[in-house]
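Take a look at the structure below.
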Amino acid sequence: MEVIATGILAFVSSNIDDIFLLMLFFGDRNFKPREIILGQFVGIGALIGISLVLSLIGLVIGKTYIGLLGLLPVYLGIKGVVRLLSKEPPDEDEHPTKKKGNRSNAWVVSGVTIANGGDNVGIYVPLFATLAWPQKITVVSIFFMMTAVWCLVARYLSRHPLMAKTIDKYGHVVTPFVLIALGIYILNEGDVLSLLST
């Protein structure tokens, strides 16, 4: 029970901000639910894999290198702002080529999840380093179950009448700026901005 509680607390403490990001993705008509869910699972899976490897070989990624991941949401946010300024319609992919866009949407979600995963790695590495393999497997299983719960909660909140109406109306406008702010925060937390200013 202690391992289960620890796994749940570790996931919740490192993924609270993901609820808001997932709500925005679910409220964006450019993204289908299956793309968001796939992207989130790929992103969380990558963070778990990285953390397991680092805990096994005893390496610690420099804070600055993790901070550089903040460039991804900044790029995606700027791209979104450019789309807004060019008044490009939000639903431009209603063509036979949509299949290709689906894959890229899933990669966008997973990319944002990984870029926002510095705190995940920081929590998961020391946790995995202290656990035996049976406990590691239990915690990883909990992380994936909690990822499903996170997606369900975000999906539900995004479909709440008032919430859905607000997200549908303003989500595509707000999302790029949220991504830029998130990227700047990650860069700052990784001391990348202070490094560049010196």
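Note: Cβ is positioned from N, Cα and C throughout, glycine not excepted.
Listed in TrEMBL for this protein:
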- 6-26: transmembrane segment (TRANSMEM)
- 38-59: transmembrane segment (TRANSMEM)
- 65-85: transmembrane segment (TRANSMEM)
- 106-125: transmembrane segment (TRANSMEM)
- 137-158: transmembrane segment (TRANSMEM)
- 170-188: transmembrane segment (TRANSMEM)
Residue numbers, six or more beyond the limits of the transmembrane segment (137-158), whose CB comes under 8 Å of its CB atoms: 3-4, 6-8, 10-12, 15, 18-19, 22-23, 25-27, 33, 36-37, 40-41, 44-45, 48, 52, 127-128, 131, 164, 167
Top Cβ-contact partner of the transmembrane segment (65-85) among 6-26, 38-59, 106-125, 170-188 (pairs under 8 Å): 170-188
For the transmembrane segment (6-26), sequence-distant contacts whose Cβ falls under 8 Å of one of its Cβ atoms, 6 or more beyond its ends: 33, 36, 40, 109, 112-113, 116-117, 119-120, 122-124, 127, 138-139, 142-143, 146-147, 150-151, 153-155, 157-159, 163, 167, 171, 174-175, 178, 182
